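Quick look at what Swiss-Prot annotates:
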- Cys74: active site, proton donor/acceptor (ACT_SITE)
- Cys189: active site, proton donor/acceptor (ACT_SITE)
- Asp10, Ser11, Phe42, Gly43, Asn75, Thr76, Thr190, His191: substrate binding site (BINDING)
Amino acid sequence: MTDQPILMFDSGVGGLTVLREARVLMPDRRFVYVADDAAFPFGAWEEPALRTHILDLFVKLLDRFAPAISVIACNTASTLVIDALRERFPGHPFVGTVPAVKPAAERTRSGLVSVLATPGTVKRQYTRDLISKWAQKCHVRLVGSDRLAGLAEVYMREGFVDEEAVRAEIAPCFMEHEGLRTDIVVLACTHYPFLVNRMRKTAPWPVDWIDPAEAIARRALSLLPPVDGALPQGEPDIAVFTSGKTDFAIGRLMQGFGLSVR
C-alpha cells in the first residue's frame, strides 16, 4: 500500500526535529508521530523493563497504524532496543538514531569531540563501540545530561528556558588540551536541537553542533520503495500521546508541526 504512513517514535517531542527534516525530503508522505510521554523520560527506566515496554508497545503500534517504516527518533531507545525490534518484527523496516560519531570524527580539526547525550545513551556499550570503530584517533568525551531533554520539553511547550541551566548542562562538553579546544559537539538526543540556539549563546566558544536529523530522514527515505505517480490523499498527519493527556500548549505545538492530536 503506497498510502502507508511513516511512523516516528520518541519519548516526547524531540522526534519532531526528525519529522521536520523528513517532511522536506518526503513531502507527499503521511506521518504518524507517537510520543511515549507516559514513559518519559526513558533514561529513568531500568534497561530490561524499557526494552520490554517498547517491544510490547510496538506490537500495538504496528497493528494499529500498519506503517511502511518506523523511525526510532530517540537515541536512548535506539541504542537499547533497535536490534530487538528488528528481531521481533523481521518483516518491518526500522531506522534507528545513534550518536553521529563518524561524521564528527571526519570533521574535527582539533581532535577533541564531545558527545552530548542522555545518561542512558552515554552508558550503553553501543555508544562506546561507535567511538572505538570511528573515532580512535580522537579524544571523545561522553557527557550525560539529566536535564536537557526536560528543558527542551519545557521550551517547546512554553517558549522559554533557563539559559543558566543550559549553560551548566553543556559546560562539561568543552575541553582544552595542549592549546587545542573542543570543536565538535554531537547532539546525541533528538530533543537537543530545539535548544541549539541557547547552546550557542551560552557556550564558552564556538563549536560545530552536529544534528543527525537530516541523516536519519535520508536513511528512512532510502529504505522506502519508490512510488509511481502521486500518493493518494488520505488521512492527515497525526500525533498520538501514550498518556492520552494533552494540554492546550501541546495541541498548539503539534498544530505548528502540521499534526492533529488523536
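Including glycine, each Cβ sits where the backbone N, Cα and C put it.
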Tell me the Cβ neighbour count for Thr190 (substrate binding site), meaning other Cβ atoms within 10 Å of its Cβ, over all protein chains shown.
31
If I restrict to non-local contacts, at least six residues apart, and a C-beta distance under 8 angstroms, what lies near His191 (substrate binding site) in its own chain?
Gly12, Val13, Gly14, Thr17, Leu148, Ala149, Ala152, Glu153
What residue among the active-site residues Cys74, Cys189 has the most other CB atoms lying within 10 A of its CB?
Cys74
Determine which residues of this chain, when Asp10, Ser11, Phe42, Gly43, Asn75, Thr76, Thr190, His191 are set aside, have a Cβ within 8 Å of the centroid of the substrate site's Cβ atoms, and list them as they appear in the sequence.
Gly12, Gly14, Pro41, Cys74, Ala77, Thr118, Gly120, Thr121, Ala149, Cys189
Mind giving me a neighbour count for Asp10 (substrate binding site)? Other Cβ atoms within 10 Å of its Cβ, every protein chain shown.
30
Which whole-number value in Å describes the distance between the Cα atoms of Ser11 (substrate binding site) and Cys189 (active site, proton donor/acceptor)?
11
C-alpha spacing of Cys189 (active site, proton donor/acceptor) relative to Asn75 (substrate binding site), in angstrom:
6
For Thr76 (substrate binding site) and Cys189 (active site, proton donor/acceptor), determine the Cα separation and express it in whole Å.
8
Check the DSSP secondary structure of His191 (substrate binding site), expressed as helix, strand or coil.
coil
Asp10 (substrate binding site) versus Cys74 (active site, proton donor/acceptor) - Cα distance in angstrom:
5
By a simple count, how many Cβ atoms lie within 10 Å of the Cβ of Asn75 (substrate binding site), its own Cβ left out?
33
